[in-house]
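This report concerns only the one structure given below.
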Amino acid sequence: MSNGSIPVDEVIEHLRNWNFTWNIILTILLVVLQYGHYKYSVFLYGVKMAILWILWPLVLALSLFDAWASFQVNWVFFAFSILMACITLMLWIMYFVNSIRLWRRTHSWWSFNPETDALLTTSVMGRQVCIPVLGAPTGVTLTLLSGTLFVEGYKVATGVQVSQLPNFVTVAKATTTIVYGRVGRSVNASSGTGWAFYVRSKHGDYSAVSNPSAVLTDSEKVLHLV
């Protein structure tokens with residue numbers, strides 16, 4: 001056209017393509033967020049974690065770019081961009097500090113899961129089991145079904161005997177470790193079926209790495225970030 005304007009049909013076509021692209025992106029994002037749980041799909045969970053980890057540096061880079069673009073042009077935008085960059089950087093640093101502190105207690109890479117700040121740990125058949133939880137619960141239940149052990153609904157081991165159920169479990173947070181002692185159980189040794197219930201007994205600066213005994217040894221009591 002002579003006046004240099006963009007034809008309406010071309011604008012509609014670009015909007016249609018743009019809308020279709022965003023429809024695909026948002027649908028994929030919706031599926032990842034809804035079903036990106038470790039119990040449902042390890043692959044979707046990995047994609048979800050990658051998205052969460054990428055968001056911090058991406059938002060920080062966008063905030064710094066906005067600050068550079070707004071410098072001496074729009075001081076209000078510049079101030080807000082600097083503020084958002086500082087908030088993002090602070091959240092990023094806090095995430096790494098708390099994750100490292102949690103890792104020192106559990107020695108598990110679940111410590112770097114950005115979805116939670118608490119890990120339930122116990123020892124089963126000499127193997128350390130670590131499960132992310134949303135918070136420190138009032139009580140913890142271990143369920144044994146025909147020799148298959150479930151911890152808070154997670155399948156963690158098979159071929160487990162009733163006598164191998166631990167005497168305590170721990171829930172580690174960045175600032176403390178909560179020890180749960182066994183207060184009751186109902187088991188059928190012949191079928192390898194039953195349950196054990198644990199409640200809070202104490203908390204402190206303990207290592208969350210546990211053993212099947214009822215007493216925390218001196219080697220399990222370690223100081224962390226102070």
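Cβ coordinates come from backbone N, Cα and C, glycine included.
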If you check the topology given in Swiss-Prot, are GLU10 and GLY204 found on the same side of the membrane?
no
Which whole number is the mean pLDDT over the topological domain 'Virion surface' (1-11)?
64
Residues of the same chain, at least six outside the topological domain 'Virion surface' (63-75), with any C-beta under 8 angstroms of its C-beta?
81-82, 84-85, 88
Provide the three-state DSSP residue tally for the topological domain 'Virion surface' (63-75): helix first, then strand, then coil.
9 helix, 0 strand, 4 coil
Which bits of the chain, at least 6 residues beyond where the topological domain 'Intravirion' (33-41) starts or stops, bring a Cβ under 8 A of a Cβ in it?
47-49, 132, 153-154
